[in-house]
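The structure appears below as structure tokens.
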């Protein structure tokens with residue numbers, strides 16, 4: 001069960017990575033054509049007008065790309081966070097070059113950086129948790145035995161991890177005017193009219209974050225519970241030390 005939840009969370013995160021990559025690139029191109037007055041020449045007057053509405057762009061551009069991303073995420077096994085970090089650096093470099101060399105800067109360029117950076121920070125958290133990559137601030141944990149670490153992680157997931165994710169979900173999805181629901185329902189955009197139409201999706205990042213983190217916390221709980229009940233095949237934190245201790 002622990003592995004199933006972990007794989008499911010990884011699939012959601014993989015798909016979300018491809019979604020922000022594809023949506024970021026496509027929406028940036030549409031925003032560039034719109035701000036330069038080229039949408040009508042490329043797509044025609046009616047479609048150019050429709051693409052200027054956030055609801056239309058969300059329903060007919062973003063949502064299909066999200067669907068495609070979940071298909072790609074099913075067949076792909078790489079999480080791609082290193083590539084996303086590299087793309088953020090490239091986007092920042094593009095802003096620097098266009099601003100100081102060509103004296104050109106538009107709102108959508110900064111929107112793209114914020115869009116990708118928010119995704120990198122929130123989506124990578126669950127993966128980092130399962131890989132034990134989060135920084136622990138205590139100095140006592142490292143000296144615990146396997147069972148001591150398991151007890152610590154069980155209490156941590158029950159008292160802190162899962163409740164925090166639950167609060168995010170309930171407070172964000174409790175009503176139409178709540179933090180997550182409100183931007184998603186109205187396809188909220190930034191006040192800059194010619195920026196990218198992705199602000200509502202950034203509210204959805206919190207939903208992906210809370211769901212993936214909760215899955216990983218539950219997976220973490222099950223993994224540590226298996227250690228406590230000495231379930232056969234449970235992965236220990238210090239297998240070599242355990243083996244040497246048993247042999248002695």
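Positions of Cβ are set from backbone N, Cα and C atoms, glycine also.
If you look up TrEMBL, you'll see 94-219 marked as domain 'Tripartite ATP-independent periplasmic transporters DctQ component'. Residue counts for the domain 'Tripartite ATP-independent periplasmic transporters DctQ component' (94-219) under DSSP, helix first, then strand, then coil, are 89 helix, 0 strand, 37 coil.
Beyond its flanks by at least six residues, the transmembrane segment (12-33) meets 39, 42, 51, 57, 61-62, 65-66, 68-70, 72-74, 76-81, 84, 87, 106, 108-109, 111-112, 115-116, 119, 123-124, 126-127, 194-198, 201, 208, 211-212, 215 of its own chain at Cβ-Cβ distances under 8 Å. According to TrEMBL, the feature transmembrane segment maps to 12-33 (among others).
Taken from TrEMBL, the feature transmembrane segment covers 54-75 (among others). With a threshold of 8 Å between CB atoms, the same-chain residues lying at least 6 positions outside the transmembrane segment (54-75) that come near it are 11-12, 14-19, 21-23, 26-27, 30, 187-189, 197-198, 200-201.
For 81-102 (among others), the entry in TrEMBL reads transmembrane segment.
Feature annotation from TrEMBL assigns transmembrane segment to 114-130 (among others).
Packing against the transmembrane segment (150-169) from elsewhere in the chain are residues 141, 144, 206-207, 209-211, 213-214, 217-218, 220-221, 224-225, 227-228, 237: each is 6 or more residues past its ends and has a CB under 8 Å from a CB in it. Under the heading transmembrane segment, TrEMBL lists 150-169 (among others).
Annotation source TrEMBL lists transmembrane segment at 200-222 (among others). Beyond its flanks by at least six residues, the transmembrane segment (200-222) meets 1-3, 5-6, 8-9, 12-13, 16, 20, 23, 54, 58, 62, 114-115, 118-119, 122-123, 125-126, 129-130, 153-154, 157-158, 161-162, 165-166, 168-169, 172-173, 179-180, 182-184, 186-189 of its own chain at Cβ-Cβ distances under 8 Å.
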